[in-house]
Amino acid sequence: MAAATTTLSSSSSSPSLTLINASHRFVSVTPFSSNSIFLRRRFRRLNRSLASSSSHSRRRYESDDRFFGGGDNYDVVPDDDGFSDDDDEEDERESSVDLLIRFLRSMFKKVSKRTKKASRRILPAAMSPRLVSFAVDGILLLGSLSITRAFLEVICNLGGTVFTVILLIRLFWAAASFFQTYGNSFGPNPVN
């Protein structure tokens, strides 16, 4: 099987490149020139990005199958028992919680990775990477817990304030309705 070849040259000073149609790769006549290394790196990046985008799309469809139970479990006729709406809402809640947990994990991993790199630059090389990783993860967990605690304190304080305001409004409402109903009947009656 003979492959058709085409020779490309961009200028007279650069080495010629050969495109082999069977493999769709550029092959340089001088294998270790700067242009050939640059082209190889560029095509590798292009191939990696194409491969990663196709794997992402495959993962997306696989995760959809996991959430929806595969293609063979779809019901054509709706259920008559009346519980299907509740089940769908419960599945929706579970999937949204699952997505939230996945998002938080990915954010934690990204922040942890950046923090580990920054701390390794600052700390001496004698410290083990496992110790640095443990310390960074612990500090990030404690920080996220303290932020969560502060957020919950704010929510609880707002809830307590709203509850107190509602009680005061009900107290004033009850007092106003009492005075409207009975008037001044509980005090001394003036002589007519």
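Any Cβ shown, glycine's included, is placed from N, Cα and C.
Taking Swiss-Prot as the reference, the stretch among 27-34, 43-50, 107-114, 179-186 described by the feature motif 'Nuclear localization signal' is residues 43-50. Beyond the ends of the transmembrane segment (122-142), by six or more residues, the same chain brings 108, 111-112, 115-116 to within a C-beta distance below 8 angstroms of the stretch.
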